[in-house]
Each structure stands twice: as C-alpha cells, then as structure tokens.
Amino acid sequence: MPKRTDIRKIMVIGSGPIVIGQAAEFDYSGTQACLSLKEEGYQVVLVNSNPATIMTDKDIADKVYIEPITLEFVTRILRKERPDALLPTLGGQTGLNMAMALSKNGILEELNVELLGTKLSAIDKAEDRDLFKQLMEELNQPIPESEIVNSVEEAIQFAEQIGYPLIVRPAFTLGGTGGGMCDNQEQLVDITTKGLKLSPVTQCLIERSIAGFKEIEYEVMRDAADNALVVCNMENFDPVGIHTGDSIVFAPAQTLSDVENQLLRDASLDIIRALKIEGGCNVQLALDPNSFKYYVIEVNPRVSRSSALASKATGYPIAKLAAKIAVGLTLDEVINPITKTTYAMFEPALDYVVAKMPRFPFDKFESGDRKLGTQMKATGEVMAIGRNIEESLLKACRSLEIGVDHIKIADLDNVSDDVLLEKIRKAEDDRLFYLAEALRRHYSIEKLASLTSIDSFFLDKLRVIVELEDLLSKNRLDINILKKVKNKGFSDKAIASLWQINEDQVRNMRKEAGILPVYKMVDTCAAEFDSATPYFYSTYAVENESLISDKASILVLGSGPIRIGQGVEFDYATVHSVKAIRESGFEAIIMNSNPETVSTDFSISDKLYFEPLTFEDVMNVIDLEKPEGVILQFGGQTAINLAKDLNKAGVKILGTQLEDLDRAENRKQFEATLQALNIPQPPGFTATTEEEAVNAAQKIGYPVLVRPSYVLGGRAMKIVENEEDLRHYMTTAVKASPDHPVLIDAYLIGKECEVDAISDGQNILIPGIMEHIERAGVHSGDSMAVYPPQTLSETIIETIVDYTKRLAIGLNCIGMMNIQFVIKDQKVYVIEVNPRASRTLPFLSKVTHIPMAQVATKVILGDKLCNFTYGYDLYPASDMVHIKAPVFSFTKLAKVDSLLGPEMKSTGEVMGSDINLQKALYKAFEAAYLHMPDYGNIVFTVDDTDKEEALELAKVYQSIGYRIYATQGTAIYFDANGLETVLVGKLGENDRNHIPDLIKNGKIQAVINTVGQNNIDNHDALIIRRSAIEQGVPLFTSLDTAHAMFKVLESRAFTLKVLD
C-alpha cells in the first residue's frame, strides 16, 4: 500500500518531563518518528513540554511547540495549526491519555483531526481494564481471575470472594503508578484508594496474584495490510510480581522451549491482530514454570520502554517503522535501514545475548522503600551485549555506575546468613548481589529458586560466575584461567581484586598474552545478510568486525544510565557534540551504555560502541580506534571521573585539561585560584576527619553547608545547624578520608543564579544568566530557573560576566563551563565552577537559539569564537520570559521525603515561555502538573524562622480568595498578627480536623510546609508532605515557590473594589 496522500500535516504529541516509568526512551522514539514522517514528505507539528530532549530541537519537526501537554494548551495548538492527523502512540502514556481526552471532549471530531496508527477503540480495549478483559475472553486468551472496580467497597467484595494475595492495577496509568500487591484487607484499601485517585477514569483492576510465574514480553509490529511480526521476545530474570521496568531482562528469552515460544508468540500476534494495532505493541505474558499454562498480563498499544530496548537489542528501528506504518506504508515495502537490502518484514535474528539492568535512585534516597513490586522505581537502565549470559550480565553490572565492577558489593562478607536469606526473600533492588553471595556460601540452587521463584537456569549462570571467582582465587596469574574468565565477561578490576594485584597489571598481562576483545556488529540478521551498520559490542572471540577507516576520528563518551542528577540533558549535549564533530570533518565515535537514548541510535554517529563506560572498556576501544582525542565534557560526572585514568594512560583529552579540571574540583586549588583572581566565595574549609569538620564549622559559624567533593546532583549534601548534626553527618552520610575530603562552607541565604559559558581560551560567550526562584539552599536542579533574570541589577549582571571571564581564562577552560553564584547584600559570591556541560545546557540552547554543545565542540576542536556570529561576553537577552521548572517522581518512591534541600531530588524538567513572568510561570506550573484552582483552602505549617515571611504570603493568598488553615504554632502567630485562620491538627491532634484527613477528603487545595534543619526528621511533617504527594495536592516546601504560584493566581484574579 502506498503512503497516504490525503493528509499533509501531522501532529505528534511527546511524553513530557522525565518521571519514573517514562524516561528518555520517548525522546528516542519521538525523534525517530518525527524524522521518519518528514522523510516521507509530511509536515510535522510537535508538542512537548520537555526542553531537555533532542525531539524538541527546531530541525526535528517543522514546527515545535514547547508547551504544557494539557487539554487547554494542546487544544489551542490544534486550533491554531489545524493538522489533518494526530499521532499519539509515540509519546508514552502521556500521549495516549491526551489523545483520549481530546477525543472524549469532542475536540478531534470538531476539528476533523484523524488519529493515526492505533485507533481509539484499540487504545480503549488495551487500556480500559474492563474492555481488555472482554476482548481476551472473546479471543480465548487466559487472564488472571479479576474484577473491575470503581470503589474501595467493590474491591473488598471481590477479595472476600477469591481471597489474597491480589494485585491492584489502575487504568490508564504509567509504570504501575498507584498499583501494588495486597496480602490483606488493610493493604487492599490503601492501594485501591490511591489507585482510583491516580487513574484518570477512576477505575482499577483487582486480580488474583500470579506472582512467581515467569514474565515474558513480546515486542510485535503490525501494519494495515495485517502483516505482523515479532521483533524480539524478552525474558525477565525476576518473576511476575516485580515491574518489568525494575527487573533484569534478557533478550532473546533464555528458558523457553520451542513449544512455549510458539504458544506465546501466537498469542501475541493474535492479540495485536484482534486490536487492529497499526505500529508497535508490547505484550506481557506470565508462564507457569511447571506447565504450558500462561496468562496475558497486559498490552501496551504504543511504543514503550520495552520497544526502545528491543530496538537497541536487535537494531530494528521500531518507532521509525511505526511512524511509516501510521501513514499507510506496509512492512513488506519498507527497507530495513540496517541491512539496506532486506525488507522490514524480516524478523530480526540474534546471535548474541542482551542484558538490561535497571538503575535505581537509592544511592540518593537512602530512606526510600527499596522493596520491589508492581510499581516501578528505577529511574533509568543500562544494556549490555555479550556472546553468553554471564558476559552480558557482568558487562551490565559494571555499566550501572553504582561503584561495582562485578556481582559483588562491599561488606557482604559480614552479613549473617539470616539477613542474607531475608534480603533474598524480600526482593529489593540489590537482590542479585545477595544471590551471588548465597551461592558463594554454597546454598543450593533449589533452595534459592524456592525462595525467589527465579528460574534455576539463571541461578545456575550465577553459580558459573561464582565458581570462576573461586578458580581465579586458587590459580593466581594463570593465563589460561584469565582467558576463560574474560570469555565470561569478568572485568580486569574484578580479576585484579581476586588476584590481589592492581588493574594495570592485569591489563598489561592480558595484552602481552594477546587476550584482547574483538568487536561484533549488531545487524538484525545474525550475519545472514550483508549489513552496513556501524553498531558494535565487544566480546572475547575471533574475527573483529569493526573496520578502522583512514579518516581522523574523535571519541565522545556518553553519560550512561539516567539517574537523579544526571539525566537526559547530558545525552542531548552528547548528540549535539557528535553533530559538530561530523560537520568538522572528523569521524564521530560514540560510546555509551543506555538503551533509552538518542545517542545510542546507530544513525546518529559514524560508529557506535554499546559498552560500559569504565576505564577498561574505554581503553579497549581507544586501542582499536586510535582516535585523535576523547571528549569528556558532555558525559556528566561519568565521563569526567575517567579523566585521571585516561590521562595517566596517555590518552589525549580534548578541551579543558585534567590539571585545570582538578583546580576546579580540588578545594585548596580552587580557593587559591579564586584568591588569585580576586573573586569572593563563601568562607569554607576542607575536612578529612570528624574533628577537623567540627573545628572548621566553629571557625565559620553555623549554619554550614557540608558535602563530599567530586559529586554530581548534590549527592550527600546537607545544611547543618549544630555540632551534634555535623558529627552525625560525618559518621553516617560520608566516609571522609585524605582521598575523599568533605567540604564545609558558610551557608549564605541569598539569591542564587547560574551561568553556562563557552570559552576558547581567549574569549568567552555567555548565552544567558539564569536566576533561581528559590533561595540558595535548594539544589539548582530542583530550583525553578528564570531566563532572562528578572530582579538582578545591571551592576550585579556586569559582576557576574566579569567573574565568569576571569574564571574561564584563569582555569584555562576550553569548551563548556557552568558557574553557580549566590548574591547576598548586593555582593556576588562564587559557589562552584564545573568545567563541563551542565544540565541547563538544553534549556539555554533552546531559549537563546545558540546550539551551545555544537559551538563548544567546535571550539574544543580548535575553532575560535570570533568565527561564529554570536559575539563575545553576554549574548543579548530574549524579549520573552522562559522558565525551567523541576518535575519530581515522589508518587513512585514511598518513604522518600519531598522536602527540598541541597541534595537533588527531581527526575525531569519542563519549560514555560511567554511574554511576561506570570504567564511563563503559569505554563511552567501547568506543564509540571502543579495546578491550583483560583480559590480554596491552603494549609500553612511553617518553621519559626519563616513565620514572619509566611504571614505576608498568607495575607496575599487570602486577598485573592483563599481561606487560610494553619497548625497550632503557625495559627497563634498569624492570629496575633491580625490574620484570621482555621486551626488544624497535625497527627493525633484535633482528630476530626487533622491535615492528612482533610487532604484525603479533598478539603485542601495546597500545602505550604517549611522545616528548620533541626526538625527535618519531624514525623508529623513527613506524613503531611507524604499525604499531599499521594493525593496529588500541590505541596510547597519553599516559600519562594509558593510566592511564584501566588503571582500566577494573582494574574488570573480580577480586582474587586468597593465604590468610594
């Protein structure tokens, strides 16, 4: 079937901010889809609220709207653009839900906009739990015994009929949001209440738990001519009961017999045909390990996280082809872009094993509930490719960047057997490491299989690794054993540890013995056809398939898995850097380990190495490719942390040199640099012991800001107000040592702002200054940033520009740098300097129209700023106001406190732009799903130090029609100062009128809660914040953010005046 000619303009809805359950995979799929549609000659209009994406670059679609993905704004854009069609299946759950809302509100019908790809009825049948159940029954496809409920009472009634355990699955939510496992009525009531609240259609499916079955996924494609194929099947290491996004996954499936594979494959193809899905679809199935009995768990009628994984695992570009199918092309007429000789109708074949491992945020959220279940908790993932399971698993392990290079974590030797077995039974994020430890202690596979329901086949592969560890320990420096373990994916570092020598010795020994990796091609066809893909993975085998060209090359290191503090922004910078390298006439080589991102799309670079970002793996690529140099600036802390070892190995690091990176990161050197440049900084000291820290704090005076050196995202950063808290911090939060000093600074309460700059060694370009709405003390990544600055005087701006120039030249920066300032009493202090790309780069690139990563890369390669058209120093400010607002994933992370402070907690960001601050703020809050009505009830429960300021804030909220509720201490202060309040209790006080109940019953429209540093662990305040998060009530833990929201509400309010 030829492509459709009756449509010309197509709107694509993106997935919005990155949250747990919906990450960078949708930037990858959305970018692919937009380019695919443009390739076919269609005009593409894109709507997305996330500025950190490649998808929202001007050249990806014909028209790009970075606007809130809400019914109000998408409708306005539809009315303005009048597209012929809408493609909603590439924007994750956000895109699907928006399409449903547009349809239900009659907008699509009114504007005559057709839905492309999957029809609304199919989305409904897959997403609406009741319709899905009916369809499965019609197809004779087995599903677990279940009931659709719209109330908690109905859930209890069903539970009484069939008993526990049960699983709750809310309709139309993402990443298992609001769902969970229930072993009793109390849990059922709690989870169902939350689930009904979070489901946009107030509907949950309550089903019999089939926890313990094998979880298998099929990624399938279908076109309008009913051609359908399986792109890839995948098997979860963890059984049903743990969300697939939180599970280790292998592709292809490893333990299925031919009969089982055929059974599940047929079911998946029957389902996609019955739903008449046109495009990609993910089918999740549960298989009884002891029989051929299976159940269909769910169907995602769209491109998903698993689609991105399947695309990278096979090389088959699902989103690109789904877009072509949506406009009428069929699989048998589209050429496979990898082989360039076969058609997309050929099912991919794999001659390797892919392992995906989730990356969890518990290194930042130590208080978080680590127990895994049906609600997703991972922020990102890594993928590794090997010739056997052991190799791919160990490569994935060391890609995670959690301080491990093997299936062993520190201090496990000291764990008692009881604790070990309990950790294995509980299924937390680190269970894999405890399983390996149990095997080291000779627990049987049968025992571990019965405790975990993990297939014995996988446990046996872990045993192989453990037995090889033993073999290594008993045969020190044995070359044959070395060869054997390298074939199974052991790292040089792990071998060095077992042999009690250093990594360099293992590396040299291996190279002398000729034990070197070769690089194999990912070609979708198991080498059956010729392939032109420059997409490689390492393995210890014969025949290297990565051919070296005569062209001079540059290697760019990516940023690895998405985690809090290092998100998709760094991937954005990496992709733009590669573009500039290619434009400059070099061969661009990318090395990265993240299957979700645009940078690991094989068509972006001249060569892609899908490998862990460790010294060993990077050096192996460098030894083969011999690039002119390596660029580290765009890979976040991941790449920067490799600088020292790469430099020592004689690798040419392009851009700012190691000694200058050290001058920015090393406290004493940085202080000396600032003194020499005559730039003020808050007084501070370095401490390597607890006593040094206490002495430093006494000299500075409390409060002090304490943090470890060399971190990203404010990891383990804290404001400390007394000696007791400081001693507690030094003994629990950090392990201070001469190699890992702790930085102790005076905490200045002032206005914070930051600058991204590009330096060529002689001149600098500052695209813009961003002013933070929240005062210093809230991490810059969690602050709302405004560009251009709204309250900074000309003198302050001139000082910031002057200090930026001095620092860029003084630190010999070549390329990107980010500087953070605090302004107190009209004096500018430098807080920190990062001589690399920062997370604000995409936002600033979008709003200034300066492709910063590209300019910086060309400067790194030797170009000068005078050769560009942007001039020097501060670039002229935009006449619009732009706001970057953080987005959080607290609903997914039980026990994680939502109180903002110096340690970063946000997972994503949105942008709001308009002609003035109030309108831009309104859009930013709406895009971040922080909506407040024009009037209602607002609770104040604030720290003593904030009461004076909170009083003024409460007065203005009252002036626009809000009723002020307050807890006792706050209410007494407000009443004494002439403000009438409604007294409410915290917990256990004023039983009928305490805050969590009021929130639950919909009586409260917003909560303002600030806490002094000494009361951070206050249990009542924690529960109040948690209640607000769980019920979706706007929560402000900074008075500055609450004041910004007031400005929005005030701008929407009319003035009511009595006639004089």
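Any Cβ shown, glycine's included, is placed from N, Cα and C.
Annotated ATP 2-binding residues in Swiss-Prot are Arg707, Ala746, Leu748, Glu752, Gly777, Val778, His779, Ser780, Gln820, and among Glu794, Glu832 the one listed with them is Glu832.
Here ATP 2 is bound by Arg707, Ala746, Leu748, Glu752, Gly777, Val778, His779, Ser780, Gln820, Glu832 per the record. The longest Cα to Cα distance in that group is 18 Å. Counting every protein chain shown, 22 other Cβ atoms lie within 10 Å of the Cβ of Leu748 (ATP 2 binding site). Classification of Arg129 (ATP 1 binding site) by DSSP places it within a helix.
Asn300 (Mg(2+) 2 binding site) falls within a strand segment according to DSSP. When Cβ neighbours within 10 Å are tallied across all protein chains shown, the highest count among the binding-site residues Gln820, Asn834 belongs to Asn834.
Most Cβ neighbours within 10 Å, among the binding-site residues Glu215, Glu298, Glu832: Glu215 holds that distinction in the structure as shown. Taking a C-beta cut-off of under 8 Å and a sequence gap of six or more, Ile242 (ATP 1 binding site) has these contacts in its own chain: Glu215, Asn236, Leu372, Gly373, Thr374, Ala427. Within 10 Å of the Cα of Asn834 (Mg(2+) 4 binding site), the following binding-site residues from the list Arg129, Arg208, Glu298, Arg707, Gly777, Gln820 place their own Cα: Gln820. For Asn300 (Mg(2+) 2 binding site), the Cβ neighbour count at a 10 Å cut-off comes to 24, with all displayed protein chains included. Listed in sequence order, the residues of the same chain lying 6 or more apart from Gln284 (ATP 1 binding site) and placing their CB within less than 8 Å of its CB are Glu215, Ile216, Glu217, Thr244, Val296, Ile297, Glu298, Val299, Asn300.
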